[in-house]
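**Student:** For reference, TrEMBL lists these features for the protein:
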| type | residues | note |
| --- | --- | --- |
| DOMAIN | A:7-184 | domain 'Galactose-1-phosphate uridyl transferase N-terminal' |
| BINDING | A:CYS51, A:CYS54, A:HIS121, A:HIS172 | Zn(2+) binding site |
| ACT_SITE | A:HIS174 | active site, tele-UMP-histidine intermediate |
| BINDING | A:GLU190, A:HIS290, A:HIS307, A:HIS309 | Fe cation binding site |
| DOMAIN | A:191-354 | domain 'Galactose-1-phosphate uridyl transferase C-terminal' |
Number of protein chains: 2
Amino acid sequence: MNPVLDDISHRRYNPLRGNWILVSPHRTKRPWQGQEEGPSKNTLPEYDPKCYLCPRNKRSGGAQNPDYQETYIFVNDFSAVKEDQVDYETETTATADKSSLLMRAEGVKGKCFVVCFSPAHNKTLADMSIKEISLVVETWKNLYKDVQQNTPFRYIQIFENKGESMGCSNPHAHCQAWTTSHLPEEPAAELKNMIEYRKKNNSCLLCDYLALELEKKERIIAENDGWLAVCPWWAFWPFETLVISKKCIKNILEIEGERDVDLFAEIISTITIKYDNLFETKFPYSMGIHQAPLRGTDEEHAANHVHFHFLPPLLRSATVKKFQVGYELLAEPQRDITPEQAARRLQALSTELYRNKLEGSA
Amino acid sequence: MNPVLDDISHRRYNPLRGNWILVSPHRTKRPWQGQEEGPSKNTLPEYDPKCYLCPRNKRSGGAQNPDYQETYIFVNDFSAVKEDQVDYETETTATADKSSLLMRAEGVKGKCFVVCFSPAHNKTLADMSIKEISLVVETWKNLYKDVQQNTPFRYIQIFENKGESMGCSNPHAHCQAWTTSHLPEEPAAELKNMIEYRKKNNSCLLCDYLALELEKKERIIAENDGWLAVCPWWAFWPFETLVISKKCIKNILEIEGERDVDLFAEIISTITIKYDNLFETKFPYSMGIHQAPLRGTDEEHAANHVHFHFLPPLLRSATVKKFQVGYELLAEPQRDITPEQAARRLQALSTELYRNKLEGSA
Ligand SMILES: [Zn+2]
Ligand SMILES: [Zn+2]
């Protein structure tokens with residue numbers, strides 16, 4: 001990398017999302033008096049009678065969880081989208097012309113699922129074995145297949161929201177999967193850029209990016225035979241990670257066979273353990289998988305390349321969090337440490353979970 | 001409005017920014033165990049010897065503030081961009097072709113200012129008189145003129161970041177103004193859409209939107225002879241406000257004459273008082289002015305229309321904050337209450353500040 005970028009203010013372009021990020025690497029010494037969070041410890045019980053995700057407990061919707069032993073999937077009791085609702089038609093009035101340009105709306109149908117990763121109330125992905133994570137991957141694959149075959153919906157967004165500082169209401173490890181009648185903004189923007197890139201360059205955007213990162217070796221955090229994890233060139237969150245499949249697969253159904261599933265599970269394990277080790281805390285993040293639509297054109301399918309994003313808010317310690325406010329909301333996303341600096345720190349970390357070596361940890 | 005939108009999941013399009021928002025109005029009863037903040041009280045002193053923004057105090061950069069009586073402006077001691085730095089040239093290597101597509105960067109120069117609204121440590125915009133706010137408006141105008149005449153920069157982003165929950169490190173009311181060699185993402189996206197709208201429809205996007213909102217009267221929060229404040233059709237934040245100039249002015253220099261400046265100050269006063277009255281707290285927000293670039297083409301100038309955005313995170317009370325996480329980061333921004341419901345609540349509120357009637361308030 002041009003070493004001058006370690007020192008000067010600059011912008012970097014995210015060709016996947018199509019936006020720019022302001023990078024201010026000289027700025028890491030400014031004072032901080034913001035909100036502080038206590039460090040999290042693994043003091044949770046294996047079973048919590050008040051947790052609506054633990055086996056055998058009642059949920060607030062009234063349903064009772066089974067005595068599940070591996071993963072458990074159910075329809076969210078407070079779904080953001082519903083399967084059954086009236087169809088929406090745009091209004092027609094005297095001002096319909098301008099309204100239809102400036103006050104556009106469209107109905108959205110869908111279904112929201114919750115996937116518990118394990119019956120244990122106190123196990124995050126970082127605490128789980130490769131085999132246990134593989135069961136989660138299999139559950140995701142089954143869900144993708146199920147909604148593709150049995151619903152009319154266009155996209156499924158699998159995402160995990162972890163940690164109180166991310167507004168997550170329950171420490172019992174789980175993810176959500178929202179399937180919708182439309183292709184949402186983020187995967188839509190990525191898909192548009194991947195399609196354009198493919199047309200212009202006759203190659204896959206993420207295949208080309210993967211090759212560049214493997215050659216430059218400046219932003220690699222972890223790697224195995226199936227996956228590469230980098231702090232991407234255009235990272236916005238301080239310790240953001242982009243995990244790219246080495247094969248140009250289109251959706252997670254193409255992760256076939258035990259070994260490939262295990263490689264997927266392994267890279268998730270490595271990333272989440274490194275994250276927890278970074279500040280010796282249960283590292284909060286939002287994570288999500290981007291892949292081909294459930295229902296898409298041939299062009300949409302061909303241009304895709306499975307990847308997932310980890311978007312963590314922590315900045316300098318377990319108690320200092322990045323806020324996305326002010327200039328970032330009104331003008332442009334901004335970061336202080338460079339992605340290369342962040343990648344070096346994550347790269348150097350052990351893949352053994354810090355709290356397994358602590359006395360008194362569950 | 002079509003009443004069905006009060007009940008069903010739908011998406012709304014933001015023609016100014018060019019993105020979609022998912023609206024889930026049926027979802028306002030889901031449980032919440034997220035982070036809580038204490039309600040803020042006006043117990044601050046008028047002068048705080050430890051505040052780096054109060055008159056006569058030393059800043060951490062070493063400079064001493066003057067004994068200012070009205071507003072006070074200075075260059076940020078920890079600027080995100082600098083006036084003087086080396087120029088950046090993209091690297092040329094064997095892989096320069098793909099690098100130049102996938103690892104693009106450009107140097108950014110600029111200058112960051114801080115503007116203290118008043119010498120009083122304990123006065124927010126909601127506490128200030130119209131005359132005091134008018135002085136702030138004049139300061140913004142002078143700054144715009146100054147950087148336009150005396151710097152080479154392309155854009156100035158004036159923004160206020162208020163409240164601990166927005167990561168703001170100091171309660172002494174102030175805004176920032178970052179002027180940069182480039183046009184940042186948000187105003188650039190808006191400008192692109194305004195230019196396209198103008199070409200297609202031979203009219204101004206925000207003039208047309210203003211007329212529609214005045215006709216429909218469903219999302220109006222406040223209004224005077226100069227400005228209209230609405231919770232926009234496409235609002236993302238629960239109580240987001242878009243304040244639009246009634247005249248199609250291009251930048252704040254065109255707010256000429258005492259009466260026009262006072263109307264500007266008045267609408268700011270009204271919005272910030274209503275915000276504080278909503279949950280009887282010092283309402284946090286990020287606020288910013290969007291206007292014509294300091295240096296732009298004729299087309300860019302013509303398509304512009306001065307407006308400002310208030311983006312507040314509070315959701316249901318002084319202690320329940322919206323988190324932008326999970327699905328929103330990975331897939332699509334989402335809100336629960338409709339903009340019409342939010343507007344009705346803000347519209348109904350008094351324009352007298354609640355804490356002026358409380359005993360023991362400063
Ligand atoms: Zn993606
Ligand atoms: Zn704007």
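Here the Cβ of each residue, glycine as well, is placed from N, Cα and C on the backbone.
Automated prediction, rather than curation, is the source of TrEMBL annotations.
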**Student:** When each of the recorded positions A:CYS51, A:CYS54, A:HIS172, A:HIS174, A:GLU190, A:HIS309 is checked against chain B, which show a C-beta distance below 8 angstroms?
**Tutor:** A:HIS309
**Student:** Taking only same-chain residues 6+ apart in sequence, whose CB is under 8 Å from that of the residue listed as 'active site, tele-UMP-histidine intermediate', what do you get?
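**Tutor:** Listed in sequence order: A:LEU53, A:VAL114, A:VAL115, A:CYS116, A:PHE117, A:GLU160.
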**Student:** Taking the recorded Zn(2+) site as A:CYS51, A:CYS54, A:HIS121, A:HIS172, identify the other residues of that chain whose CB atom sits within 8 Å of the mean position of the site's CB atoms, giving them in sequence order.
**Tutor:** A:TYR47, A:ASP48, A:TYR52, A:LEU53, A:ASN57, A:ALA120, A:ASN170, A:PRO171
**Student:** Please report how many Å separate the Cα atom of A:CYS51 (Zn(2+) binding site) from that of A:GLU190 (Fe cation binding site), as a whole number.
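**Tutor:** If we compare the Cα positions of A:CYS51 (Zn(2+) binding site) and A:GLU190 (Fe cation binding site), the gap is 36 Å.
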**Student:** Filter the binding-site residues A:CYS51, A:CYS54, A:HIS121, A:HIS172, A:GLU190 down to those with CB closer than 6 A to an atom of ligand 1; keep them in sequence order.
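**Tutor:** Cβ under 6 Å from ligand 1: A:GLU190.
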**Student:** Within 10 Å of the Cβ of A:CYS54 (Zn(2+) binding site), how many other Cβ atoms can you find? Include all protein chains, please.
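**Tutor:** A:CYS54 (Zn(2+) binding site) is surrounded by 21 other Cβ atoms within 10 Å.
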**Student:** Among the binding-site residues listed here (A:GLU190, A:HIS307, A:HIS309), which has the Cα closest to the Cα of A:HIS172 (Zn(2+) binding site)?
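**Tutor:** Looking at Cα distances from A:HIS172 (Zn(2+) binding site), the smallest one goes to A:HIS309.
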**Student:** Could you measure between A:CYS54 (Zn(2+) binding site) and A:HIS309 (Fe cation binding site) for me? Cα positions, answer in whole angstrom.
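**Tutor:** The separation of the Cα atoms works out to 27 Å.
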**Student:** If I take the alpha carbons of A:HIS309 (Fe cation binding site) and A:HIS121 (Zn(2+) binding site), what is the distance between them in whole Å?
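**Tutor:** Taking the Cα atoms only, A:HIS309 (Fe cation binding site) lies 24 Å from A:HIS121 (Zn(2+) binding site).
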**Student:** Around A:HIS121 (Zn(2+) binding site), which of the listed binding-site residues (A:GLU190, A:HIS290, A:HIS307) come within 10 Å, judging by Cα atoms?
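**Tutor:** Among A:GLU190, A:HIS290, A:HIS307, not one has a Cα sitting within 10 Å of that of A:HIS121 (Zn(2+) binding site).
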**Student:** Write out the long-range same-chain contacts of A:GLU190 (Fe cation binding site), meaning residues 6 or more apart in sequence whose Cβ is under 8 Å from its Cβ.
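**Tutor:** For A:GLU190 (Fe cation binding site), the qualifying residues are A:LEU16, A:ARG17, A:HIS290.
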**Student:** Starting from the Cβ of A:HIS307 (Fe cation binding site), draw a 10 Å sphere and report how many other Cβ atoms land inside it.
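**Tutor:** Total other Cβ atoms inside 10 Å, all chains included: 22.
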**Student:** Including all protein chains shown, what's the count of other C-beta atoms within 10 A of the C-beta of A:HIS172 (Zn(2+) binding site)?
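**Tutor:** Other Cβ atoms found within 10 Å: 22.
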**Student:** When a 10 Å sphere is centred on the Cβ of A:CYS51 (Zn(2+) binding site), how many other Cβ atoms does it contain?
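**Tutor:** Excluding its own Cβ, the number within 10 Å is 18.
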